[in-house]
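**Student:** This is the structure I have questions about; it appears just below.
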Amino acid sequence: MAIPQASMGPSSLGQSGPGSMAPWCSVSSGPTRYVLGMQELFRGHSKTREFPAHSAKVHSVAWSCDGRRLASGSFDKTASVFLLEKDRLVKENNYRGHGDSVDQLCWHPSNPDLFVTASGDKTIRIWDVRTTKCIATVNTKGENINICWSPDGQTIAVGNKDDVVTFIDAKTHRSKAEEQFKFEVNEISWNNDNNMFFLTNGNGCINILSYPELKPVQSINAHPSNCICIKFDPMGKYFATGSADALVSLWDVDELVCVRCFSRLDWPVRTLSFSHDGKMLASASEDHFIDIAEVETGDKLWEVQCESPTFTVAWHPKRPLLAFACDDKDGKYDSSREAGTVKLFGLPNDS
């Protein structure tokens, strides 16, 4: 696919134009009032609690749009849904039906009762928590590893291991379009306006397509190595990418320039999540902590200690609560104890 190349992101300091580092990048002079306020909050709410969810490692966690439920997808071929009751997660149901690992899941953007799972069994399944049943199974051409729901709720995009992205009508459950890419496709996402579709790829690029036309708009050389994950901030101002170079880069949605880099992790960045107000960014990797940064300055706001690599993080859509899931613990005796747990950070220390 011939897409015009933009200039390099984090390593192109001083350049301007789409895809470059903004020249106004500056180092913060001290903690902002927001950072100090959130640090004060987390000093009293720094507890992390574990909740049994699955019989094998958890690949994906996501909150419903109203924040009442958390869903998790696992290597054990199931999805679990929890209700958030005050300061704990109560398991509501386990969803069976997939014949292989559930690699990613997401909720409908505005209907808190529907979520969709992507599996290595070459299907996606749409589930309704009201009936606890699968309302649709859609067969796809390959083993599915990435999935997202369009902001208008009308389309589900699913990416497979063969770098094919299929666009599925959320009402008819039929394929509307299919794109085969000539590069390794990692995470996929619409922008908040629903008129562009973003892909991160194995060459360190962000590929941007118009939507629904799926015509190439731009390719940004975002990182010198594999660009793994992408998330849009709920305010629509920024998006962030995480890379195998251990950097998180923050991009201006309108200008497509890199405005900031976060470099406290040492391992490839696997997962990202913006807080509900767009002011905090959580990023995680094989490092044994989750970095929580203030978006506007890049300053470290907090770090959540982990005992193993983190696969997935998700901020609650209304509260400063962070759900996450880690790899199984190392060691013969510890590994089975933590396999399949979902964790929640931000709980009161005395809870």
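A Cβ is built for glycine as well, from the same backbone N, Cα and C atoms used for every other residue.
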**Student:** What range among 1-22, 45-66, 67-88, 155-176 does Swiss-Prot record as region 'Disordered'?
**Tutor:** 1-22
**Student:** Counting by DSSP, what is the helix, strand and coil composition of the repeat 'WD 5' (222-261)?
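**Tutor:** Its residues fall into 0 helix, 21 strand, 19 coil.
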**Student:** Which residues of the chain, 6 or more past the ends of the repeat 'WD 2' (97-137), have a CB below 8 A from one of its CBs?
**Tutor:** 59-60, 62-66, 68-69, 71-79, 81, 143-153, 156, 158, 160-161, 168, 170, 173
